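Let me begin by presenting the structure, written as structure tokens, before commenting on it.
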Amino acid sequence: MTAGGQAEAEGAGGEPGAARLPSRVARLLSALFYGTCSFLIVLVNKALLTTYGFPSPIFLGIGQMAATIMILYVSKLNKIIHFPDFDKKIPVKLFPLPLLYVGNHISGLSSTSKLSLPMFTVLRKFTIPLTLLLETIILGKQYSLNIILSVFAIILGAFIAAGSDLAFNLEGYIFVFLNDIFTAANGVYTKQKMDPKELGKYGVLFYNACFMIIPTLIISVSTGDLQQATEFNQWKNVVFILQFLLSCFLGFLLMYSTVLCSYYNSALTTAVVGAIKNVSVAYIGILIGGDYIFSLLNFVGLNICMAGGLRYSFLTLSSQLKPKPVGEENICLDLKS
């Protein structure tokens, strides 16, 4: 039983504080898990695509999908996890998630290879307002003025930083903005589709990867991406192979942690956790990335972004940790029953 499920079960006969605690812990831990996985995979992918010069981001994405399929399938066979067997209704239940999933995967890997780490992390923050907009339209959510102002601070900082980017790369900018759109849509639709009575967390992950690995392989072959991967001259380098396998495993962990964070939190909170993770990634990129060209305006914009993201996190966590009136909580539990 999940932490959220335990909370509901305890709420029927226990005290309100006890009912809230597991859900609160699950929210915080799932957000921390997602932030850690997101942080690690950006560093590993950056090393593969930039330091080693690996020319095939689509092939790397295929490796991450294959790792996801194998890990989940073996876990199901060993009865560690459960998700429904395939039937003809599953593609209809999932749509449009597989398309958003592969678009998010390919655009993310492509943009990582074409931009410096600090600029990549700044431009990825446009995922946040897009997620806010889509949650309002698709899920009918409403947010306070303080949260909206925090989001606008993130956007303002991103504009300032991007406007003074001394290593402007149009192709990289296009890929990262596509990645923002796909990430926002993927997060919102994942939240919508993740019904435990239907596919559940693991079913969404497994069937997404299954449906899109063959089309992605076809794209890789048709664009020459696969040929470049097979001709790459580092396949005898043990360190490179270990980093490639690590990236594949982290790709699975990132997908799982994203779904888990969206399950316990809102899609917007998941997007902002990714932005907070960028605090570490951006400053590490400035210090050791080797591809950041310093500009005062760029640096100021970067810090405005980070401040807005941290303020959003503070507001969101404060609202989650604030105890609800007992009467209101009982009403919520009655409705769930």
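Count begins at 1; order follows the chain as displayed.
Cβ coordinates come from backbone N, Cα and C, glycine included.
Relative to the membrane, G53 and E198 are annotated in Swiss-Prot as lying on opposing sides. Against the transmembrane segment (28-48), stretch 238-258 has more CB pairs under 8 A than any other of 54-74, 168-188, 202-222, 238-258, 293-315. Long-range contacts of the transmembrane segment (202-222) within the same chain: residues 56, 58-59, 61-62, 65-66, 68-69, 72-73, 75-76, 81-84, 86, 90-91, 94, 97-99, 101-102, 105-106, 190, 193-194, 229, 255-256, 259, each at least 6 residues beyond the stretch ends and with a Cβ under 8 Å from a Cβ of the stretch. Within the chain, the topological domain 'Cytoplasmic' (259-265) has long-range Cβ neighbours (under 8 A, six or more residues past its boundaries) at 3-4, 23, 26-27, 30-31, 33-34, 187, 190-191, 194, 201, 204-205, 273.
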